[in-house]
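Worksheet: the structure to be examined is printed underneath.
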């Protein structure tokens, strides 16, 4: 069974570490900095880094790739439509790869960037900066319609899917979620749970899709209360889920 843990990087990034205890091979996701990974390998002799998975081209996700590739000769997987350093395998929508014995389906999810991809294995979603705990990534390259479609695709995965995003943004995202839905009891409960985790210095990830559907405003655009709030914010009737999403995202950008 593959074990997944987080290697903290920078101020709020997580590099996900996937370990196969039977072979002592491991993989990392979005290593924006090589140092945390090299430190872990040094502290865990006998383990070999065999694979590097990259979701998109931003520096805080690829900054350590070349150094790690040089040190370990790991195979680098990344989106075909973005410039990824040292990439060995270019991935397109609906490709399938096998890493550490696990099959991963590749979904292209434009929005945060145009070529952004996610890696999905039954029960596990490695989603970079597309879906966050209680939030979603900023639209640096894509349109609101693209991001809405990408998030709807991810939200349709099984409810028990664990969500491994790459930033510790949960508390600030929940503040926005409460502004959108002040009467949502699930959000209030999650705020308290996350507050306790952070007070103990613990991470708030992974999340899961069932929880996201209850507490993430960007996955709740069809809820009447969310639509009403979005309509209030931009003073018009947002007729589609994509329009509600666009209103929420513009609000969150200034929140």
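Even glycines carry a Cβ here, placed using N, Cα and C.
If you look up Swiss-Prot, you'll see 56, 58, 112, 129 marked as Zn(2+) 1 binding site. Classification of residue 129 (Zn(2+) 1 binding site) by DSSP places it in coil, neither helical nor stranded.
Residues or ranges marked as Zn(2+) 2 binding site by Swiss-Prot: 60, 61, 129, 167. Taking Cβ-Cβ distances under 8 Å and a sequence gap of 6 or more within the same chain, the neighbours of residue 60 (Zn(2+) 2 binding site) are 9, 10, 13, 32. The DSSP secondary structure for residue 60 (Zn(2+) 2 binding site) is helix.
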Residue 167 (Zn(2+) 2 binding site) CB neighbourhood, other CB atoms within 10 A: 20
Least Cβ-crowded entry, counting other Cβ within 10 Å, from the binding-site residues listed as 56, 58, 61, 112: 58
Zn(2+) 1 site, defined by 56, 58, 112, 129: further same-chain residues with Cβ within 8 Å of the Cβ centre: 55, 57, 61, 113, 116, 128, 130, 137, 140
Distance, residue 112 (Zn(2+) 1 binding site) to residue 61 (Zn(2+) 2 binding site) (CA atoms, angstrom): 13
Nearest-integer angstrom distance between the alpha carbons (Cα) of residue 56 (Zn(2+) 1 binding site) and residue 167 (Zn(2+) 2 binding site): 14
